[in-house]
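Remarks on the structure that follows.
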Amino acid sequence: MERATREREKEQREQAQTNDEAQQCPECNSANVITDQSERVCEDCGLVLEDDQIDHGPEWRAFNSSERDQKSRVGAPTTKTMHDKGLTTQIDWKDKDAYGRSLDAKKRNQMNRLRKWQERIRTKDAGERNLQFALSEIDRMASALGVPRSVREVASVIYRRALKEDLIRGRSIEGVATACLYAACRQEGIPRTLEEVTEVARIDQKEIGRTYRYVAQELSLEIQPTDPKEYLPRFASDLELSEEVIAKAREIIDTSAEQGLLSGKSPSGFAAAAIYAASLLCNEKKTQREVANVANVTEVTIRNRYQEQIEAMGFGV
């Protein structure tokens, strides 16, 4: 037993010595050895200690992103926005062969039949059909709202969780899909109001709000209150206002928040009033109606919030 232990310790010492020698330059005995791409090089004298002759890159060359996409022979990465995560193939709808020539009538009919069967076998059961329809709805609404790809991914993940937890039972697929998209916008900090989401949805606002609260509670989603300042860049861009107005609007919101005026107020309405007040203070005047149309709030809301903000800034009414 003791002999085996001594032999093991001896092997460990020899291995450690070998590693130290591998990390040391044989030319100048420097330990300043780095790995640069496929080579181990001494930084002091420049000696190449070890190199890898295998090129792990592609055999083709590309000089811009379009050429790289055209020559690449791998598929797109997996995505949660498709019910099969993008792993299945699809038959093209262009009815052309590999050389770009149009197919004859017999071949076109054959390809149409193959497409139909392929669509049928892609969804094996009711759960997959449910998921396919819901994710297509999320993609449609996300495109209409102009939100980034990350929001679609998050919304798809939330819907998959809701489906797994059987939260869809007794509720419409459109309602849960819309609620998941709204929750994803909130989580990712992409300012979209419930009214804006309702405009692109196929259900009413009351059902969206009710389903959103249910899904958020059942899945324990961590969603922070919307910051009115998140709306400012979009409102200012639509109204063609300068960065000075945005900065002033941020100052107005911060001052109002310090005095507790944000509690119970609509974030979009508060942001719209701040933009209106800032445009007046910076001599880039916009009417209440123009701001209300962009922010999708009423002029009464802007007037009420504007009065509160001006008093908070100490300018009087």
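Each residue, glycine too, has its Cβ placed from N, Cα and C.
Annotation for Cys42 (Zn(2+) binding site): same-chain Cβ neighbours under 8 Å, separated by at least 6 residues, are Cys25, Glu27, Cys28, Ser30, Asn32, Val33, Leu49. The Zn(2+) binding site annotation in Swiss-Prot covers Cys25, Cys28, Cys42, Cys45.
Annotation comment: Swiss-Prot describes 1-14 as compositional bias 'Basic and acidic residues'.
The region 'Disordered' feature in Swiss-Prot is assigned to 1-25 (among others).
If you look up Swiss-Prot, you'll see 62-83 (among others) marked as region 'Disordered'.
Annotation comment: Swiss-Prot describes 136-219 as repeat '1'.
Residues or ranges marked as repeat '2' in Swiss-Prot: 230-311. Here the repeat '2' (230-311) has, by DSSP, the following mix of helix, strand and coil residues: 62 helix, 0 strand, 20 coil.
For the zinc finger (21-50), the model's average pLDDT works out to 78. Here Swiss-Prot flags 21-50 as zinc finger, drawing on sequence analysis.
In this view, Cys45 (Zn(2+) binding site) is surrounded by 12 other Cβ atoms within 10 Å of its Cβ, with every protein chain counted. When each of the binding-site residues Cys25, Cys28 is scored by how many other Cβ atoms sit within 10 Å of its Cβ, Cys28 comes out lowest.
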